[in-house]
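Record features, source Swiss-Prot:
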type     : residues : note
MOD_RES  : 2        : N-acetylalanine
MOD_RES  : 7        : phosphoserine
TOPO_DOM : 2-84     : topological domain 'Cytoplasmic'
TOPO_DOM : 106-115  : topological domain 'Lumenal'
TOPO_DOM : 137-146  : topological domain 'Cytoplasmic'
TOPO_DOM : 168-184  : topological domain 'Lumenal'
TOPO_DOM : 206-212  : topological domain 'Cytoplasmic'
TRANSMEM : 85-105   : transmembrane segment
TRANSMEM : 116-136  : transmembrane segment
TRANSMEM : 147-167  : transmembrane segment
TRANSMEM : 185-205  : transmembrane segment
TRANSMEM : 213-233  : transmembrane segment
């Protein structure tokens with residue numbers, strides 16, 4: 001170890017001492033913690049979730065997903081301001097609703113292509129293309145909602161119109177006439193308004209206050225087109 005230089009004032013009596021000898025007098029305060037744990041709660045939670053889902057059976061996975069879809073259906077049927085659809089988004093519910101609606105709008109006759117009736121692929125494309133267009137419009141207006149969250153909300157809010165389509169199919173089993181049309185018109189208008197209220201309840205707060213009208217207007221057109229296809233549907 002290097003030695004310190006002798007004192008110039010008293011060269012005869014100075015004795016060499018270690019250069020870092022004074023460091024031994026430094027003490028650490030008892031109030032300062034010198035040990036602890038480094039934990040990352042979020043990663044550990046994600047790791048536990050992954051391990052739990054990997055170890056569960058296929059039946060439990062399907063039932064868990066169906067319960068989640070059912071809860072989101074209830075949020076649409078009883079619309080209120082909530083972040084459930086935005087926080088726990090999925091596309092299973094919108095896919096089920098879109099396929100169901102497209103199947104019910106499919107005409108029974110083999111000549112439905114010639115009489116102008118909507119085909120399965122046409123309905124499927126209209127629904128998803130419309131949802132994507134509204135989502136891009138929302139992002140361009142400065143909305144703080146992600147792409148898939150918007151698709152999830154718009155898809156789940158088709159539920160009232162799907163119910164309207166089911167009711168209209170049942171009404172069409174009776175003899176056609178003015179009363180038949182008025183009943184279908186009333187059902188479609190009510191379910192159309194229901195879809196608008198449900199979607200705006202989830203999406204309104206995600207838009208800037210001065211641009212909410214610009215964001216809601218395409219949603220109105222989107223559900224109006226679907227409602228028009230339902231109202232003008234005839235089985236033959």
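Keep in mind that glycine also has a Cβ here, set from the backbone N, Cα and C atoms.
Here the structure is a predicted model, which means the values were calculated and not measured.
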Residues from the same chain, set at least six apart from the ends of the topological domain 'Cytoplasmic' (206-212), whose C-beta lies under 8 A from its own: 86, 138, 141-145
Sequence-remote partners of the transmembrane segment (147-167) [C-beta within less than 8 Å, at least six residues beyond its ends]: 72-73, 75-77, 85-86, 89-91, 93-95, 97-98, 100-101, 104-105, 127, 130-132, 134-135, 138-139, 184, 187-188, 190-192, 194-195, 198-199, 202-203, 219, 222-223, 226-227, 230, 233
Contacting positions for the topological domain 'Lumenal' (168-184) when only residues 6+ beyond its ends and CB under 8 Å are counted: 104, 230-231, 233-235
Within-chain partners of the topological domain 'Cytoplasmic' (137-146) [C-beta distance under 8 Å, separation at least 6 from its ends]: 86, 89, 203, 206-208, 211, 214-215, 218
Confidence summary for the topological domain 'Lumenal' (168-184), mean pLDDT rounded: 89
